[in-house]
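Novice: I have a structure here, written as structure tokens, and I will follow up with some questions on it.
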Amino acid sequence: MTAELDLVSITQAPKALLHDHLDGGLRPGTVLDLARETGYENLPAQDETALASWFRTAADSGSLEQYLETFAHTVGVMQTASALHRVAAECVEDLAADGVVYAEVRFAPELHIDAGLTLDDVMDAVLAGFADGERQASAAGKRIKVRTLVTAMRHAARSREIAELAVKFRDRGAVGFDIAGAEAGYPPTRHLDAFEYMRNANSRFTIHAGEGFGLPSIHEAIAFCGADRLGHGVRIVDDIDIGPDGTAHLGRLSSLLRDKRVPLELCPSSNVQTGAVESLADHPFDLLARLRFRVTVNTDNRLMSDTTMSREMLRLVETFGYGWSDLQRFTINAMKSAFIPFDERLAIIDDVIKPGYAVLIG
């Protein structure tokens, strides 16, 4: 018998998550605890409910730049090794409880050195936290593998150094590199040296592109930088024309992305909050899925969007009428696009994802 498509059953479904920011997924209670422990005095609210509401409301700005301002508070309490370890471990526990079986969680080490930690200290603390979180999830009967993407801030000038850090820690759980931050005025081509370094090291990278800026950002990420995946990439829809009869006509760039099977790390709720799309109903996710782009479902920032992978999937089901087979396809898309070795990806697809959905499909 096919399981009902509700939040409870979707939570049971195995999921793969490619785009989730560590500093965007803290528990509100943890933010309060860490603020007290570290002496951070700038929080806009002092109880869990009010703080969670503030983050969601502040993130609902319709502007990527204003959305990013909310991170001052989470980053502000993540300046010690113990804080980073706790946040990383809780991240894994929360994802596992939501049915995520594989995740690539990204963070920018350069944002966590204000209190004296080195970049290596930051990496050590986060990776140890992930490992402890995996062990705690396993003890609770949840199977999850978490790896990390080491992120450089696109407005800064440390991307080559951060790329080297990603390669240095690639045998300890860092599976790739990323650049993030405001797109407008900070094109990915400012960081060509970092991307060339990653390619020469036979390492993988994704680029935030096509979220707060349009097709030029996507074009540069693919044509000049050689991105393996696109963080968001939602504005690729601007290169697709829909004729009077409903037929889609792809431009050169959108055709290239589809032909090359470039994974799109789509984050529906976040895209509405930042103004990339007006509403979930206006999100091009369904169009891109029907045109067989490699679409994936992601959370982006669970605290700011008050979301989980299960909630993101449910919102897509409610908006576009998807069934279990669609959710399985999006999950397999994500797992195929992960930055871990092929045999590990295949094992998770064959041994975890397909059997898990088979039970739900009936």
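A Cβ is built for glycine as well, from the same backbone N, Cα and C atoms used for every other residue.
Positions annotated as active site, proton donor by Swiss-Prot: Glu211. The Zn(2+) binding site annotation in Swiss-Prot covers His19, His21, His208, Asp300. Sequence annotations record features per position, and here Swiss-Prot assigns substrate binding site to His21, Asp23, Gly181. Marked as site 'Important for catalytic activity' by Swiss-Prot: His232.
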Novice: Are there residues of the same chain, six or more positions away from His232 (site 'Important for catalytic activity'), whose CB falls under 8 angstroms from its CB, and which are they?
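Specialist: Those within reach of His232 (site 'Important for catalytic activity'), by Cβ under 8 Å and sequence separation of 6 or more, are His19, His208, Ala209, Gly210, Glu211, Leu264, Glu265, Leu266, Cys267, Asn271, Ala276.
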Novice: Quick check: which same-chain residues outside His21, Asp23, Gly181 lie with their CB within 8 A of the centre of the substrate site CB atoms?
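Specialist: Near the substrate site, the remaining chain residues are Leu22, Gly24, Leu68, Phe71, Val75, Arg106, Phe107, Ala108, Leu111, Thr151, Ala180, Asn301.
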Novice: Using Cα coordinates, what distance in whole Å links Asp300 (Zn(2+) binding site) and Asp23 (substrate binding site)?
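Specialist: Spelling it out, the Cα of Asp300 (Zn(2+) binding site) and the Cα of Asp23 (substrate binding site) are 10 Å apart.
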Novice: What are the sequence-distant neighbours of His21 (Zn(2+) binding site), meaning same chain, six or more residues apart, C-beta distance under 8 angstroms?
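Specialist: Val105, Arg106, Phe107, Ala180, Asp300, Asn301 - these are the non-local Cβ neighbours of His21 (Zn(2+) binding site), listed in sequence order.
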Novice: If you skip the near sequence neighbours and keep only those at least six away, which residues in the chain come within under 8 angstroms of Asp23 (substrate binding site), Cβ to Cβ?
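Specialist: Spatial neighbours, sequence-distant, of Asp23 (substrate binding site): Phe71, Thr74, Val75, Met78, Val87, Phe107, Ala108, Leu111.
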Novice: Around the Zn(2+) site (His19, His21, His208, Asp300), what further same-chain residues have their C-beta within 8 angstroms of the site's C-beta centre?
Specialist: Asp20, Gly24, Arg106, Ala180, Gly231, His232, Glu265, Cys267, Ser270, Asn298, Asn301
Novice: List the residues of the same chain that sit at least 6 positions away from Gly181 (substrate binding site) in sequence and have their Cβ under 8 Å from its Cβ, in sequence order, or write 'none'.
Specialist: Leu68, Met153, Arg154, His155, His208
